[in-house]
Amino acid sequence: MKFLQILFIVNIIFGFALGLTILFKPFLKSNTNKYLGYAVLIVSFIMLNIVLKETGFYDEYDLLYILYDIEWIFLFPVFIFFFVLKSIGHELTTYKELQLLYVPFIISVLVNLINNLERDFGLFTFNSEILLRMKTSFFSIENSFVYMYNVFLMVWLFFILKRYNEKKDGGWLWRLWGIISALIVLWIVLDFTENIILSNVITMFSAILLIGLSFFLYWISYTTIYRQKLRTEAHEINTILQTQDRDFSNTKNTTPINAHFENFENLFKKEHVYRNPNITRESIAERLNISAGYLSQLISSHLDDNFSNYVNQYRVDEVKKMLCDDAFNKYNIESIGLEAGFSSKTTFFKVFKKNTGMTPYLFKKRNK
């Protein structure tokens, strides 16, 4: 068990470090990311509370018991809820009424504060039978409502995500929702089985699962923030590109230009369709009102190449120009590749090296 306790403490330290990094690291902090940072800190604080309770800290310093009594878990799903809504730009973020989601936590703080002032500080005493029954009833309701509240917000979030159709990187939101839902279900199951299974067994089982899932939550949180950073940079890069007059023509041929082929080239030179990672030969042919087979013939006869290579050459050329442009120095190379139209970092690096004989990092180094 000592090993598990050490892991538990390491997990808590790591959680606080990650939460504070998200909140204060310049390249991570934002009005959206702060909610994920708060959520990570809440999980870490709840775990710290468990350790302090098990080690007898609150028994020795009973005046601080309110920190354990308050249902901090009311805040966790609210922060996650706000983070996801802001990440997808949902219209609910404009509703001031959404702040009412904090009400259960505020009530928990106020009632527990009154209870602690009476029980631990002895400032006053509840002598009324009615008040005592009301207090007992409140805590009984609170214990049940905290489960329902967490489940309610996760179910609500599920339907919001289900209706939300993100064209790019939609999976990270579902991964985040999945691990958080698993944490909540685990917490509820362990709470309900606490009096059924032997205490030492449930304690060890709880520690192992909570450590594993919370580590996974921290990892998901970091990767989520990282993906958010890439998306933000990609948007900024796109804004810069739109202000620049770029001609990425990479063909020199004396073959008379076919009208369809000219329209095809204009899609790349003027509309920059290659920046869309989901374009296909079929989708381009449909825009030109020709068959995919005929489009392949046009590319082959005019360029002696195929559609895939043609698209990737435009993407590589755009990346090369951005890497040599000081306006893009502050951006992550992966963000540049994604904005140029590559669907993933792996594909980007593979195609770039195939076309240039070097990695994007080496190319940038040699051309600065």
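Keep in mind that glycine also has a Cβ here, set from the backbone N, Cα and C atoms.
Because TrEMBL annotations are produced automatically, they should be read as predictions rather than curated entries.
Keep in mind the model is a prediction, meaning the values are calculated, not measured.
Among the features that TrEMBL reports, domain 'HTH araC/xylS-type' is placed at 270-366.
As annotated by TrEMBL, transmembrane segment applies to 6-28 (among others).
Sequence-distant contacts of the transmembrane segment (35-52) (same chain, at least 6 residues past either end, Cβ-Cβ under 8 Å): 5, 8-9, 11-12, 15-16, 18-23, 29, 58, 67-68, 72-73, 75-76, 79-80, 82-83, 86, 183, 210, 214, 217-218, 221, 224-225. Annotation source TrEMBL lists transmembrane segment at 35-52 (among others).
Under the heading transmembrane segment, TrEMBL lists 72-88 (among others).
Taken from TrEMBL, the feature transmembrane segment covers 100-117 (among others).
The annotation transmembrane segment is assigned in TrEMBL to 137-160 (among others).
Taken from TrEMBL, the feature transmembrane segment applies to 172-190 (among others).
According to TrEMBL, the transmembrane segment annotation covers 196-220 (among others).
Residues 31-33, 35-36, 38-39, 42-43, 45-46, 49, 98, 101-102, 104-105, 108, 146, 149-150, 153-154, 156-157, 160-161, 164, 166, 173, 176-177, 180, 184, 187, 228 of the same chain, all 6+ positions outside the transmembrane segment (72-88), place their C-beta atoms under 8 angstroms from a C-beta of that stretch. Beyond the transmembrane segment (137-160), the same-chain residues lying 6 or more positions past its ends with a Cβ under 8 Å from any Cβ of the stretch are 71, 73-74, 76-78, 80-81, 84-85, 88, 90, 92, 101, 104, 108, 111, 177, 180-181, 184, 188, 191. Within its own chain, the transmembrane segment (100-117) has Cβ neighbours under 8 Å at 65-66, 69-72, 74-75, 78, 81, 123-124, 135, 138-139, 142, 145-146, 149, 153, counting only residues six or more beyond its boundaries.
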